[in-house]
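K.L.:
Under the heading ATP binding site, Swiss-Prot lists Gly28, Pro29, Phe30, Ala31, Thr32, Gly33, Lys34, Thr35.
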Amino acid sequence: MTLTTGVKGLDELLGGGVARGVILQVYGPFATGKTTFAMQVGLLNEGKVAYVDTEGGFSPERLKQMAESRGLDPEKALSKFIIFEPMDLNEQRRIISKLKTVVSDKFSLVVVDSLTAHYRAEGSRDHVELAKQLQVLQWLARKKNVAVIVVNQVYYDSNTNTLRPIAEHTLGYRTKDILRFEKFRVGVRLAVLERHRFRPEGGIVYFKITDKGIEDVLKAKPENGEENI
């Protein structure tokens, strides 16, 4: 069973949507739509959402705007979300552990946005701590049959001249599906499927951020017949 993203292209890219029972990692630079994506999955699907907001990125006003723009009851939408706001890595660990008793069959989604915010602040010695938290999240996904979205940030790797996900190997071991978000041009973002359990890697989908949240970018065919974004 999957949860729709509300974006046809992303659902197809992910093999039907965000899967229950596994962890989806979504990473990319600032302002590429990662938080909006996570909020939208929670908004558009049945069930409660446990949302661990480590960076203060969750906005009730933004969620209400998304709901109203889609003709949904904003207060009802907001009531689905249970928000946790850890201030450091230790509190984050306690909250994630607490989710084992908080998450019931009424929940469909767990979000950690972002998992690595406090990890970055406290240094690279916290690999083991992150691995333990991911182990709990993996248990939640499997035992509670929920989808788990882990948002991750990036750093600049001077050796490869590229942006790489923070704690790449630690997260990569536990996250079965990985989406990378990028800025394509003004008003347009792209999602790249870096890893999936059964879908081919490297697929790309373009999307835009609007009052509704995120939406498909329609391809327009110019006179030469070639498709451009």
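Quick reminder: no glycine exception, Cβ is built from N, Cα and C everywhere.
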K.L.:
Going along the chain, which residues six or more apart from Lys34 (ATP binding site) have their CB under 8 A from its CB?
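P.N.:
Non-local contacts for Lys34 (ATP binding site): Val26, Tyr27, Gly28, Asp113, Ser114, Val151, Phe181.
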K.L.:
Rank the binding-site residues Gly28, Pro29, Gly33 by the number of other Cβ atoms within 10 Å of each Cβ, and give the residue at the low end.
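P.N.:
Comparing Cβ neighbours within 10 Å for the binding-site residues Gly28, Pro29, Gly33, Pro29 has the fewest.
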K.L.:
Taking DSSP as the reference, which of helix, strand or coil describes Lys34 (ATP binding site)?
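P.N.:
Assignment for Lys34 (ATP binding site) reads helix.
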K.L.:
When you measure from the Cβ of Ala31 (ATP binding site), which residues in the chain that are at least 6 apart have a Cβ under 8 Å away?
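P.N.:
The list for Ala31 (ATP binding site) reads Lys183, given in order along the sequence.
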K.L.:
Around Thr35 (ATP binding site), how many other C-beta atoms are within 10 angstroms of its C-beta?
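P.N.:
There are 21 of them.
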K.L.:
Give me the sequence-ordered set of same-chain residues, not including Gly28, Pro29, Phe30, Ala31, Thr32, Gly33, Lys34, Thr35, with a C-beta within 8 angstroms of the centroid of the ATP site's C-beta atoms.
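P.N.:
Those within range, site residues removed, are Phe181, Arg189.
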K.L.:
So if I measure Cβ to Cβ from Thr32 (ATP binding site) and keep only same-chain residues at least 6 apart in sequence, which ones fall under 8 Å?
P.N.:
Phe181, Glu182, Lys183, Arg189
